[in-house]
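Engineer: Grabbed the feature section from TrEMBL, which reads as follows:
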BINDING   ARG83, ARG127, ILE128, GLY129, THR130  phosphate binding site
BINDING   GLN207, ARG209  substrate binding site
DOMAIN    79-269  domain 'Nucleoside phosphorylase'
Amino acid sequence: MLKGVNLKNPHLNKMPSDFLYHLNINVPNTADTSVIQKQFGDIVAVCAGGTSKRMRELAIYLRPILGIKDNSEPVDLCESGQRYAVYKVGPVLCVSHGVGSSTFSVVLHELLKLVKYAKCQDPVFIRIGTCGGVGVEPGTVVITKDAYNGYLKNEHEIPILGKRVVRPASFPDTLCQEILKYGAKSDDGFNTIIANTMSTDCFYEGQGRTDGAVCEYSDNEKMAFLKECQKKGICNIEMEATMFASLTQKVGVRAADVCVTLINRLNGDQVSITMHEKETFEQRPFSIVGRYIQHLLLN
Ligand code: R2B
Ligand code: URA
């Protein structure tokens, strides 16, 4: 049975109005959200990715998949907010989130409130991203099961009111399996796997790179760390999964992280693929998620 989104914040019930500041969306009357419902109430999937360019491309990519005949330029609904781009294509939102958990968490809080006010039924949130691979061929698509932080713990850690708050950070297994089953095809020409992901706040030292502005460990120490990752079933490294898993898990919203690897970190640190190769790789999660959304809409 479909269900609405129940957030875990009793204060929201006492707010007569709400302003989704970074989206620049006003909810003037939280007791009557009919205008928001009309605009966003049909949403079944919210796709998020790092850049506005990629999310615009995703919106265009999804049109034929969703049976939408439209050649016009996609409209960024939140351009006036000047932070995040939001495109709506049929019942799917394509939203940019920037680099890292801190920028993603800002828009994620606001998107979760948006789908609550819009009374969306059981929307699924999917991050479509890039990542570094650990022991897998570049171009492999990884669907995250358990998200590990930079301490190699399967949890998300965040300071709240001056205290260390630790929350679980896993994605629902059934959704991972469904995305693999309905999204991946044996003749895709690349592998799609379900695996664990390490998510860090730092692209360089946090991911064990030796090519940042600062590095105080040896190549051997770095390789030992990457091997430690592999022992935990970690096949990719990115910068949002623990926050994304923990926040969506907390509010009971189904979510998935589907990322393509740009590099095998066991072979080096520099992301040196050409922009053309990167764009080709970035299409891969589009096709996996596109097919999954097609399945979602048929059922
Ligand atoms: C992957 O790629 C970005 C850093 O280059 C970051 O958003 C991530 O998770
Ligand atoms: N994104 C990351 O966070 N790490 C990589 O190595 C590549 C992309």
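Glycine too: its Cβ is placed from the backbone N, Cα and C atoms.
Here the structure is a predicted model, which means the values were calculated and not measured.
In terms of burial and nearby residues, how do these features look in this structure?
Structural biologist: Cβ neighbours of ARG127 (phosphate binding site) (same chain, under 8 Å, six or more residues apart in sequence): CYS47, ALA48, GLY49, HIS97, PHE104, GLU240, ALA241, PHE244, ALA255, ALA256, ASP257, VAL258, CYS259.
Mapped onto three states, the DSSP output places GLN207 (substrate binding site) in helix. Sequence-distant contacts of GLN207 (substrate binding site), defined by Cβ-Cβ distance under 8 angstroms and a gap of at least six in the same chain, are GLY132, MET198, THR200, ILE237, ARG265.
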Engineer: Across all chains shown, how many C-beta atoms besides its own are within 10 angstroms of the C-beta of THR130 (phosphate binding site)?
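Structural biologist: Around the Cβ of THR130 (phosphate binding site), 20 other Cβ atoms lie within 10 Å.
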Engineer: In whole Å, how far is ARG209 (substrate binding site) from THR130 (phosphate binding site) when you measure between their Cα atoms?
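Structural biologist: Between the alpha carbons of THR130 (phosphate binding site) and ARG209 (substrate binding site) there are 17 Å.
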Engineer: Running a distance check here. Ligand 1 versus the binding-site residues ARG127, THR130, GLN207, ARG209: which have CB less than 6 Å from one of its atoms?
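Structural biologist: Only THR130 qualify.
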